[in-house]
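Now, the feature entries from TrEMBL:
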- 23-46: transmembrane segment (TRANSMEM)
- 39-288: domain 'G-protein coupled receptors family 1 profile' (DOMAIN)
- 58-77: transmembrane segment (TRANSMEM)
- 97-118: transmembrane segment (TRANSMEM)
- 138-161: transmembrane segment (TRANSMEM)
- 195-219: transmembrane segment (TRANSMEM)
- 240-259: transmembrane segment (TRANSMEM)
- 271-290: transmembrane segment (TRANSMEM)
């Protein structure tokens, strides 16, 4: 018998276990969430108030930090409420809104990482022309394009999935509304929809990733031509933070969505999703501040250290 999805919600199992474990996880994720907001918020404020950081590289970084705040907020508050809830119910509209914002913000992050790598390519490979190429106007247009493309990528497939009939159990063994578990609850298997989803998620991952790889291949070629070791070290240091973030984010996302089989164990799904949706936004401020002297100095000035 099919459930009427217009009146019924879903049950997000989250992290089932004894009450004590639920409370412990609530405290842990609350601390991580607050530290994520603080770290990324500090980067935004440091760039805003330090005139020396009013350059395309740091403007992109501050927008990226704002994106990370939005990204982690699309999942963690609901996850925290779920940990303390007895019913663990999320409404139908709430589930698909979370689905939309989570994947839209994730695809926006892919585009931002590609734009940031392009900025590093121009700065290292075209240093003399960089100020005239990466103007404030171009930087603003790139930022707007990332947000627009990210939020226009998933409405159609999400609307299609939301119009399907859901049968049997309403239970989703996850802490967020993910397409895999949702499609498993539909009344009949829809291989075309699964294929369509795989194609669009592959495009949004691989096109930006290809741009990143090409940018850094050109950067590597240019850096290896620098005669002095100090010059090479300086050039690599400006890219190290970004490469670390790219590796962490893309590594976990590709394991999740582009591995030979998408039917991972539920526990592995949750762990990998936590890594790129919560771990990456949490670690990013640390990576960027520790490896960047200008950012470190600006943060110390902002925090009064």
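Cβ coordinates come from backbone N, Cα and C, glycine included.
Source: prediction; values computed, not measured.
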Leading contact stretch, 23-46, 58-77, 138-161, 271-290 vs the transmembrane segment (97-118) - CB distance under 8 Å: 138-161
Per Cβ pairs under 8 Å, the stretch of 58-77, 138-161, 195-219 packing most closely against the transmembrane segment (271-290): 58-77
